[in-house]
Ligand code: CIZ
Ligand code: SF4
């Protein structure tokens, strides 16, 4: 039997569900029950009746799944697959901001540790950030940890005073304006589409910015037969599956998240077989952090 078949068999025997992010290896996406971006995955994690959730993604995603579904066993193929941006905000700075602005809402991108989420009023993902920020009654908003997504939201929602933090995604930050210019030369008249985790000057120079699922949707609905893709290149797997007759060019070959790529099919199999790498979230942290996640799921409906 192939490793893929072994995983599928084991999954059935253990009543397990495999949730995979679009950024993990294609071979892992192919054994998953559900592949999605962080918003879709959080919703799935909340609504499953499986006994075990194997979360093929980075640590904050496993933590969120555990908080949304505390009675389930959540396993991660590699506990060292961690998103550096998830740590890029300071609790001391958040406290200071709260003192400075009486009506401050701390809006926390889901790409953050459970610890940081304890300081948040509400979580967002890139799929629902605009909708949620617009719907908040607060004028002053501290957007953590991603300064680039924060700047994108600020531009789209000018009626709010959005204070930016200086966190960033090490993967999307590698794309430069030069890459955009080069792609325009090599692929004239081809839409260049990017994730708003890219730096602002890149977002502004391209044709469309959106969340992972919005980018995939764009390539399905747009009549162009070619696209230049400015996000983690794992999404090409789904784009190609959805549009086999279209051609996708990477905006940069540096768009690889090394942490997402730590998740391999072998590790998926091992963690499910031995039920290792279980995710635990401290009770006190969970009690404070889960409110911001639940509030997101409520407001994003
Ligand atoms: O960069 C990430 O980790 C993203 C975009 C996650 C997600 O699906 O929103
Ligand atoms: Fe974190 Fe960026 Fe990797 Fe996403 S792509 S997990 S934000 S480092």
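Using the three backbone atoms N, Cα and C, a Cβ is placed for every residue, glycine included.
Owing to the predicted nature of the structure, the values given are computational and were not obtained by experimental measurement.
Copied over from TrEMBL, here are the features:
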- 21, 38, 109, 110, 111, 126, 195, 196, 197, 212: iminosuccinate binding site (BINDING)
- 83, 169, 257: [4Fe-4S] cluster binding site (BINDING)
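Each residue contributes its Cα atom, and for residue 257 ([4Fe-4S] cluster binding site) and residue 195 (iminosuccinate binding site) these two points are 14 Å apart. Listed binding-site residues: 21, 109, 195. Those with a CB atom under 6 Å from ligand 2: none.
The binding residues for iminosuccinate are recorded as 21, 38, 109, 110, 111, 126, 195, 196, 197, 212; their greatest pairwise CA distance is 17 Å. Residues within less than 8 Å, Cβ to Cβ, of residue 169 ([4Fe-4S] cluster binding site) and separated from it by at least 6 positions along the same chain comprise 83, 85, 111, 146, 148, 197. Sequence-distant contacts of residue 109 (iminosuccinate binding site), defined by Cβ-Cβ distance under 8 angstroms and a gap of at least six in the same chain, are 123, 124, 125, 126, 129, 143, 144, 145, 146, 149. Spatially close to residue 195 (iminosuccinate binding site) yet at least six residues away along the chain are 126, 172, 209, 210, 211, 212, 215, 230, 231, 232, judged by Cβ distances under 8 angstroms. Spatially close to residue 21 (iminosuccinate binding site) yet at least six residues away along the chain are 35, 36, 37, 38, 41, 56, 57, 58, 61, 234, 260, judged by Cβ distances under 8 angstroms.
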